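Visitor: Structure below; questions to follow.
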Amino acid sequence: MSKILNYGSINIDESFIVPHICLSGETLSSTDYVVRAGGKGANQSIAFAKAGGRVYHSGNFGHDAAWIKDFMSENGVDMTYSRVKENERNGRAFIQVSKETGDNCIVLYPGTNATYTVEEAATVLESFGPGDWIVQQNEISHGGDIMKLAAEKGLNVFFNPAPLTKGILQEFPFDKVTILVVNEHEAQALYEELGGSKKDVIGLDLATELLHNFAKMQGIVITLGGAGVVARFRQGDQAQDFKVPSRKVNVKDTTGAGDTFVGYFLAAFIRAEKEEYFHRVEVALQEANFASSIAVQREGSMASVPCIKEVHEAMHEQ
């Protein structure tokens, strides 16, 4: 089975539970304050592992975050290719979570996430090759160069370009990406980066427009929050659209939902690699959708990721 190398961020998440997301000039009292392990990269690695995937995490930890490295290892993530930077502070995320809606907003401090180098990546990639997968987000330094190196070695590229920053098309080689996963806001921003101007292009139409711009990309998944998931995939001269509705659940915290979706999607996609291609996509979308719907009913990012047994039980009960 293919190996997964997640070359991604690690953060210390400091979460503030507030009545609503703070407005400009407004001061709010937090009803709770929690410190947890996080970072899109680390969250996704935990999700891969809990989904049954064989995942290696390559990341830089600060001297204040060795406990996160231990936590990830205890939860099934192989940390062989991670490093502790003794003279650096770890990346941090300052998160507001609305008690009313469960929505969040996040301010990032890069810390060790800004200390990644191409030289270190080249050494790590010596242990991986054709058929394996590299997973990346947009929270570390030299991400585009690392992606290019991985693609040159024949790895499949799974990209979750979050946060989606202006100029990202120049920073990352999108022509090397195998599967792209974005939320609806990131999809619209990417469409505008590509020169699109139609504000009414949404859902499957937006997925189609985006995929049309990347000739070598196999598929694009757009998560729509409470509206579910849409995707468009192609193989050879065939293409297929997918639409998965959301599950109606009591939302507490959406912080780790996207990362849970990413981890479960790719783990399921790889697990079904001997099955018909479009069926693999359908299975992966369904499993990821269920997993993320469980995650939003809990607080935190890593802590909210369900185990695969729990997800499969929920799917059978549906």
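Glycine residues also receive a Cβ, built from the backbone N, Cα and C atoms like all the rest.
Because TrEMBL annotations are produced automatically, they should be read as predictions rather than curated entries.
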Visitor: Among Glu139, Glu171, indicate the single residue that TrEMBL lists for the substrate site containing Asn11, Ile12, Asp13, Gly39, Lys40, Gly41, Ala42, Asn43, Asp259.
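Guide: Candidate in the recorded substrate site: Glu139.
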Visitor: Let me know which member of Asn138, Asn156, Asn183 TrEMBL also records as binding ATP at the site of Thr223, Leu224, Gly225, Gly226, Ala227, Gly228, Gly258, Asp259, Asn289.
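Guide: So the ATP site in TrEMBL includes Thr223, Leu224, Gly225, Gly226, Ala227, Gly228, Gly258, Asp259, Asn289 plus, from the candidates Asn138, Asn156, Asn183, Asn183.
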Visitor: Could you state, as a whole number of Å, the largest distance between Cα atoms of any two of Asn11, Ile12, Asp13, Gly39, Lys40, Gly41, Ala42, Asn43, Glu139, Asp259, the listed substrate binders?
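Guide: About 16 Å separates the two most distant Cα atoms.
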Visitor: Look up Asp13 (substrate binding site) in the DSSP assignment and report helix, strand or coil.
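Guide: In three-state terms, Asp13 (substrate binding site) counts as strand.
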Visitor: Long-range same-chain neighbours of Asp253 (K(+) binding site), Cβ under 8 Å, sequence gap at least 6?
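Guide: Those within reach of Asp253 (K(+) binding site), by Cβ under 8 Å and sequence separation of 6 or more, are Val97, Gly102, Asn104, Val296, Arg298, Glu299, Gly300, Ser304.
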Visitor: Can you tell me the CA-to-CA distance separating Ala42 (substrate binding site) and Ala295 (K(+) binding site), as a whole number of Å?
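Guide: Answer for this pair: 16 Å between alpha carbons.
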Visitor: Tell me the Cα distance separating Asn183 (ATP binding site) from Glu139 (substrate binding site), rounded to the nearest angstrom.
Guide: 16
Visitor: Can you tell which of Thr255, Ser304 has the most other C-beta atoms within 10 Å, given these are the binding-site residues?
Guide: Thr255
